[in-house]
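Per Swiss-Prot, these features apply:
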- 9-32: NAD(+) binding site (BINDING)
- S138: substrate binding site (BINDING)
- Y151: active site, proton acceptor (ACT_SITE)
Amino acid sequence: MALTNKNIIFVAGLGGIGLDTSRELVKRDLKNLVILDRIDNPAAIAELKAINPKVTVTFYPYDVTTPLTETTKLLKTIFAQLKTVDVLINGAGILDDHQIERTIAVNFTGLVNTTTAILDFWDKRKGGPGGVICNIGSVTGFNAIYQVPVYSASKAAVVSFTQSIAKLANVTGVTAFTVNPGITKTTLVHKFNSWLDVETRVAEKLLEHPTQTTLACAQNFVKAIELNKNGAIWKLDLGTLEPIEWTKHWDSGI
């Protein structure tokens, strides 16, 4: 999928990986990049506009833990202005197993809500045009880091939810896939806490392993969006993007 002249909504597009991804996206000659983020960063928005003045970059303050009704209201505003949106990127995430409810709210519930809200506009059963959802997960969604079980479980939920959305593409017209980074040099890794403090040095231990840069992540995120493979589970580790073949152990038969 060529991104030229596309309209993209990017949840958490100003964070470490998010900002580098936004930089890569505007280089693709989008029509509009709409960034929803909790923290305003006027300097970053100005930088994105300067990278490619042909792209309209818009910022809306947004906390992904806001109720579904509020998310829907915001999307109504965005769709009223843009008329169409082609891609939704769900990129919000925290890594702090001290904050159990917030971890689940940010990493999973918020993603479900933005997906649910945008279906009001995309669902072909309602006359919508369909669309593409890129959900940013984590390799811990395949194999948990046991010292952060809440974070790992929230990312496993992202993979499971996205697989279901992908299988509904023939019903809704909406395709979906996950991109799941390995250990990346961001503030997320430096600041997180383990569950019940079972490992006080978990951040340091992770950083002792090979990592990847936020730029490498960003470039591969955009590559995955351009590939637009419905149902793909992408592993993005050490700067390499590769598909994961999920093993089926049970079939509902539905």
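Think of each number as a place in line: the chain as shown, counted from 1.
Even glycines carry a Cβ here, placed using N, Cα and C.
Feature map: annotations from Swiss-Prot on the structure.
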residue	record	DSSP (3 states)
I9	NAD(+) binding site	strand
G15	NAD(+) binding site	coil
T21	NAD(+) binding site	helix
K27	NAD(+) binding site	coil
S138	substrate binding site	coil
Y151	active site, proton acceptor	helix
Measuring Cα to Cα, how many angstrom lie between I9 (NAD(+) binding site) and S138 (substrate binding site)?
20
Inter-residue Cα distance where the pair is Y151 (active site, proton acceptor) and G15 (NAD(+) binding site), in Å
18
Cβ-Cβ distance under 8 Å to G18 (NAD(+) binding site), same chain, at least six residues away
F10, A12, D37, G91
For Y151 (active site, proton acceptor) and T21 (NAD(+) binding site), determine the Cα separation and express it in whole Å.
22
Entry from the binding-site residues list G15, E24, L30, S138 having the most other CB atoms no farther than 10 A:
S138
Compare the C-alpha of S138 (substrate binding site) with the C-alpha of each of the binding-site residues T21, E24, K27, L30, and give the closest one.
T21
Let's check the environment of T21 (NAD(+) binding site): how many other CB atoms sit within 10 Å of its CB?
27
Within 10 Å of the Cβ of K27 (NAD(+) binding site), how many other Cβ atoms can be counted across all chains shown?
13
